[in-house]
């Protein structure tokens, strides 16, 4: 039905007859000539109909926005005065000779031109219309090109695209599973995979030493701007490769991807340990475009007569950190109060501050409600450590070390945005040497997942002192977002059993949930390592979208619902009976 895409017609086609199909973006009658902007996924082209062909002209006069039409005509150059430099096809137009209305359109329930006026609910309910917007179409086309480039790279490096099951077994991987009831085995359930983790490890044990898959994953978790109940991973696993080799290969892939798609050279990725990232930036995925850093000052404050500082300073699990904001002395008291409320979201009890109005006047040039508790030597050392100057403000977080990291790390990001301090467009890095475990409410939990290998210890040494062990894990971070995370996997049954015991998984529970894995580890398992990238997040960053919902064709809302199809929905009683399921209705509460 077409000879060219609308957005592909250019000056090289002048004089040629073309057949185009698409949607009417805009139609206007100017002085007896109908101008039609025809749109398809590749862009817009202007079509002109004049009264010399009355039958066609009359049809053109009836066109309205979003009619689906076929156009036949001859390409001609626009006069210089009418060239539109803002359009890809702005040097030409098509003189229409024939016109077929394939389908008319009713008035749209949402605006495609002023989409900002559409609610998120509207955009998702009428997603098939929202996707007609050039911005949305370009993002999905960009996504397709990225996945094609990823496949090319991995194929050319000997990786095999192998599918793994979608109906599988529930395993504890950190989030709730989506469960699928079995009709054949009443009362039993499949789970949709949170990742192909165990199957890709089993593929390594099967001898397929380089695997990849662009795969759907499912997690029933509380949603945020960068989370969806179903999302896509670039999943990679290798045998007989060290963590350094996996990092080098996947960094090569990511650098090549940015160069091909955006003409951006990311350069060599720096390395940073987890401890350094948390100490300097309060985050294990630091945004290095932001020059602000947290500075430890607890050692200076152990003996001050101000319990807010001295308490955490003398607590092994406490921390006092200073954050210098250049030019921050201009902050009003209300703005400081707003920052105090902001850190309160992360559990901080308050925010101390020190304005450096004029350092030439010594302490007289400093304004702070805590200044009376600090001698001149302490103040000068804080100023020296933070590199603060006249006109700056120093903000202090004092609390449990975790609270300080989370609250001051978040404040660092907010202040960087508020004061326009971000430097450069792309700042990648690797974060390495993660703790093997973290303690939550007295119990150990895996920082990555239970199949991550510790670095340089025996199973006995790991169980004897799990709190201080480092994992052979690595995260790729870009502009404060985790692009992907991976690790060397445990390939020894004794080590895997030790990790399960540390996590409070009994031998019986391990056998019930992971018996197939423990069995497989007995039969010559090779050393293996891998990594999984969040494809949606990568596309979001590369296109500048504000949410992964804007780079997915049919995403869910933040409450994990689909307004387009009204999913999830109720099952009919017959289906439930076949599955052996009865629904317990919530009791009504009286007003």
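Cβ atoms here come from the backbone N, Cα and C positions, even for glycine.
Among the candidates 213, 228, the residue that Swiss-Prot names alongside 219, 220, 221, 482, 534, 535, 536, 537 for the ATP site is 228. According to Swiss-Prot, the feature region 'Aspartate' maps to residues 197-200, out of the candidate ranges 189-192, 193-196, 197-200. Counting only same-chain residues 6+ beyond the ends of the region 'Aspartate' (197-200), those with a CB under 8 A from a CB of the stretch are 164-165, 168, 171, 173, 211, 213, 235, 237, 449, 451, 514, 516-517, 530. Around the Cβ of residue 537 (ATP binding site), 20 further Cβ atoms fall within 10 Å across all displayed protein chains. Site extent for ATP: the farthest pair of Cα atoms among 219, 220, 221, 228, 482, 534, 535, 536, 537 sits 20 Å apart. When the Cα of residue 535 (ATP binding site) is compared against those of the binding-site residues 219, 448, 489, the shortest separation belongs to 219. Residue 489 (L-aspartate binding site) and residue 537 (ATP binding site) are 24 Å apart (CA-CA, integer value).
Among the binding-site residues listed (219, 448, 489), 448 has its Cα nearest to the Cα of residue 482 (ATP binding site).
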